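Residues or ranges marked as region 'Disordered' by TrEMBL: 425-479. Residues or ranges marked as transmembrane segment in TrEMBL: 27-46, 52-74, 86-110, 165-189, 227-247, 288-305, 325-346.
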Amino acid sequence: MANEQKQRFDFATVFPPKGDPRRPPEWFGRALLYVVIAVFLAWFAYSSWWKIEFLVLDVVIAIFVSLAMEPLVLRLVRHGWRRGAASVVTLIGLIIIVIVLMGLFGNLLVQQVIGMANGLPAFYEQLAEFIASRTPWHLPAMQDLGGEIVKNIQTSWVTDFAGQALTTTVGLAGSFINIMTVLLVIYYISAAGPKLRRSLCQWLAPRSQRRFLFVWTIAQDQISSFLFSRTILALISAACMSVFLVILKVPYWLPLALFCGLVSQFVPTIGTYIGGAVPIVVAWGSRGLLMAVIVLVYIIIYQQIENMILAPKISQRTMDLNPAIAFLSVLALGAVFGALGAFLALPLAASFQAIFSASVKHYELIDSPLMQDPKPVGKSKVVEGVEAFNEHVVQPMASHVGSRSAKGTSARVRMDDPVMTIASQLYPTSSPTAKDLDESATVPIPKSASAPVRHRPLKGAETSDEASEGEDNPRKEWR
């Protein structure tokens, strides 16, 4: 009978009571539930992403635009405006600016882009003749490159005109819906403001609320500063380039100037070279090699002026990003999210770096030869020339700019006082850093402290309180 009882299945092993050593820990059930929820959400996102992709992108665009609008909205609120009215006025102002720019330059831009596309075959033939006359290489004929493609496109357009018209109509309707969605979400996020943050923070513990507000503040500051400074620099670059191309009588000056201004500001490290390459090539093909060299010289000079004068003044609220990190972040987010990811890569990378720098503890560096380059044993003539140019040309120009050094324009972000206040509440520092040790205050020692101590006798005693020379005095060894 006992053996038969042992062979029966015991449900207590599946659901053991409290106190049973076979019972799993208390956190095991919650962890298992979290894993199931995470797997379900991942599967749902993977299977339904293509259905809600447009909505997610619209919301992301709206969040970034609303964060970029926040400084203007706050300025109006400080002057007595209600937040909803301030958000509406700011949004309408941005829409009016875009419409005015499109009305002034939209028609000219479209005409020049169409003319540039129509002139590509002639430009390609001129380029092929130039290369063939000066090098042993020969480019293939234009008809061999795109004849079949153009033929297929024209055939498809003729045979499927109704389908193309329907697709165009649906695309226009979808674009209108996307634009209205973005505008409405921008208004809702901007008008909510502190109310939205209170609604999110009421579900969090006080320490988690500080951490959430810390991340929100940094993201808002970096995104708004980045978009504002980059837009201003892009407009200045495009305006100067357009005036210069008009003076040189280079065709298609408007699209070339816009391309140069946008690419040079929103593509880190190599954006200047990519944005300037197209105007150089067009000037070479239309006006000759001399004009191309003149455009190249202009781009180099303007880049130096921008780095030393314009960027430090406009990008005052920025922090240095490593050019390699900035470039890789643009490539990575561009590959995942397309043009939108490439555009927003720099403010996201800057925000992450600022959060990481403020939340991670820093330690003193050890003394190692690997921490710095070896000392040079001599200087070449090239190095001496560069140092002389830097001493007599670059440094005097940079001294007129201010305390900020002349650096590149990849991306910079500054930690404001509110951000540092929240960071100090979240991550209090108990040990001094290298900067604190270097800047420690020096306290003067008064002369009286360094003078020899005079032993005074106790009140009512005839001798001072000193150790006697007796052998039995235990205080003798203390001296």
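Keep in mind that glycine also has a Cβ here, set from the backbone N, Cα and C atoms.
Where the annotation comes from TrEMBL, it is an automatic prediction and has not been curated.
Per-stretch counts of Cβ pairs under 8 Å to the transmembrane segment (325-346) identify 52-74 as the leading one among 27-46, 52-74, 165-189, 288-305. Taking Cβ pairs closer than 8 Å, the transmembrane segment (288-305) reaches residues 237, 240-241, 244-245, 248, 250, 260, 272, 276, 279-281 in its own chain, all 6 or more past its ends. Cβ atoms under 8 Å from those of the transmembrane segment (52-74) belong to residues 83, 86-87, 90-91, 94, 174, 178, 181-183, 185-186, 189-190, 193, 219-220, 223-224, 227-228, 337, 340, 344, 347 of the same chain, restricted to positions at least 6 beyond its ends.
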